Amino acid sequence: MGRRAPRGSPEAAPGADVAPGARAAWWVWCVQVATFIVSAICVVGLLVLASVFRDRFPCLYAPATSYAKANATVEVRGGVAVPLRLDTQSLLATYAITSTLLLAAAVYAAVGAVTSRYERALDAARRLAAARMAMPHATLIAGNVCAWLLQITVLLLAHRISQLAHLIYVLHFACLVYLAAHFCTRGVLSGTYLRQVHGLIDPAPTHHRIVGPVRAVMTNALLLGTLLCTAAAAVSLNTIAALNFNFSAPSMLICLTTLFALLVVSLLLVVEGVLCHYVRVLVGPHLGAIAATGIVGLACEHYHTGGYYVVEQQWPGAQTGVRVALALVAAFALAMAVLRCTRAYLYHRRHHTKFFVRMRDTRHRAHSALRRVRSSMRGSRRGGPPGDPGYAETPYASVSHHAEIDRYGDSDGDPIYDEVAPDHEAELYARVQRPGPVPDAEPIYDTVEGYAPRSAGEPVYSTVRRW
């Protein structure tokens, strides 16, 4: 067990495992990746089968609860309201996006397993460490649990077990939040995370792209799906509360709006306070929050339209307050997105990262293309050929980020003009400032026939005739 291998044995070779059990841990990680892929494929296949055999999944694909129109002449003084639910298109779109993101995360883990072998003579311990940078064990477990809980939710809805289905979906949402957060942080501090990623630039450039830029894209996608699921999670929590307590119709709308606002604001604050130190450019969660706000607003409008007289009789103006609250949530998400983009831009500009250099070059190329289009449009309006004027080209298009650019936008490359014409005015001013004989100059008048007074010195014109 713990006995050291004798010298000269195959176990004592340089490629042998340094840490005991590293090879077993590596195979366990591979099995977790395989089960994650199978779970994601199963949940995608289940949704596809549910769309084909709709009779087998009646509760999942059933239309939203139809509320009978109340008699306007009857005074409504109370009563227990029906639980609010999402419409079919919004619910299925949320499930489909979630399952697709889970499958993409599983494929990403498989790609990370392939690129983790960046050297031929790489032992299991070092390869396991490189593979964990793509996706740790805890993230894989959360992904597996998340996929299976979503399948259980769909099957429970198919069997019309609504309350248990909503409870399972709340657990699925909690696992999805943990999956997205742990995928972003890997369970380490931000400084350690950055040092580990930057340490792969030279020895493993391919694996660095996977755990660096590609991982940032996957983080945005998972956070987008997580914030998008806040609408379905808020509806599930509201349904559980409505099935256990006596809610009126206005209370149903207010409870749903409050739960949704708490979920969105809390997650966006976590993104801005914690996760932004790992991935600077995070716009996915804000887009997901805005989309989820639209889904909740649509569900509230349908619910209010079906029970208009009940809602207005029990709590007049409740729907107006719901609309204002949802608008404030969307505005908060938009403001946080602007704040995140501004802080990310300032960070990349201060550290002069490659992302900032590429963004600056892209902006210069876009400005150059826009100037060419404008010049061609002006040429076409004047009736001449569109042409390609010289000022349409900017020097940034052909200058790399390593070249030095002066304050006017010119680099230290080739000169703009190959031949410079002589300046006659400068020569004339030089003669005025320094009067004297002009060497080898041609006479101004060759055949002057008049009288000119002579000075004490040499004659000005050598060919003037006296008479």
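Counting begins at 1 with the first residue displayed.
Just so you know, glycine gets a Cβ as well, placed from its N, Cα and C.
As recorded in Swiss-Prot:
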type	residues	note
TOPO_DOM	1-32	topological domain 'Intravirion'
TRANSMEM	33-53	transmembrane segment
TOPO_DOM	54-90	topological domain 'Virion surface'
TRANSMEM	91-111	transmembrane segment
TOPO_DOM	112-137	topological domain 'Intravirion'
TRANSMEM	138-158	transmembrane segment
TOPO_DOM	159-163	topological domain 'Virion surface'
TRANSMEM	164-184	transmembrane segment
TOPO_DOM	185-220	topological domain 'Intravirion'
TRANSMEM	221-241	transmembrane segment
TOPO_DOM	242-250	topological domain 'Virion surface'
TRANSMEM	251-271	transmembrane segment
TOPO_DOM	272-280	topological domain 'Intravirion'
TRANSMEM	281-301	transmembrane segment
TOPO_DOM	302-318	topological domain 'Virion surface'
TRANSMEM	319-339	transmembrane segment
TOPO_DOM	340-467	topological domain 'Intravirion'
REGION	371-395	region 'Disordered'
COMPBIAS	371-381	compositional bias 'Basic residues'
REGION	432-459	region 'Disordered'
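With helix defined as DSSP H, G or I and strand as E or B, the topological domain 'Virion surface' (242-250) counts 5 helix, 0 strand, 4 coil.
Long-range Cβ contacts of the transmembrane segment (319-339) within its own chain (Cβ-Cβ under 8 Å, at least 6 residues beyond either end) map to 253-254, 257-258, 260-261, 264-265, 268, 271-272, 283, 286-287, 289-290, 293-294, 296-297, 300, 304, 311.
Outside the transmembrane segment (138-158), and at least 6 residues removed from its termini, the chain residues within Cβ reach (under 8 Å) are 29, 32-33, 35-36, 39-40, 42-43, 46-47, 50, 56-60, 95, 98-99, 102, 105-106, 109, 164-165, 168-169, 171-172, 175-176, 178-179, 182-183, 186-187. Panel annotation: around the topological domain 'Intravirion' (272-280), residues 181, 184-185, 190, 193, 215-216, 219-220, 223, 336, 339-340, 343-344, 347-348 of the same chain, lying at least six beyond its termini, place a Cβ under 8 Å from a Cβ of the stretch. Within the chain, the topological domain 'Intravirion' (112-137) has long-range Cβ neighbours (under 8 A, six or more residues past its boundaries) at 14-19, 22-23, 25-26, 28-30, 32-33, 105, 182-183, 186-187, 196-197, 200, 203-204, 206-207, 210-211, 215.
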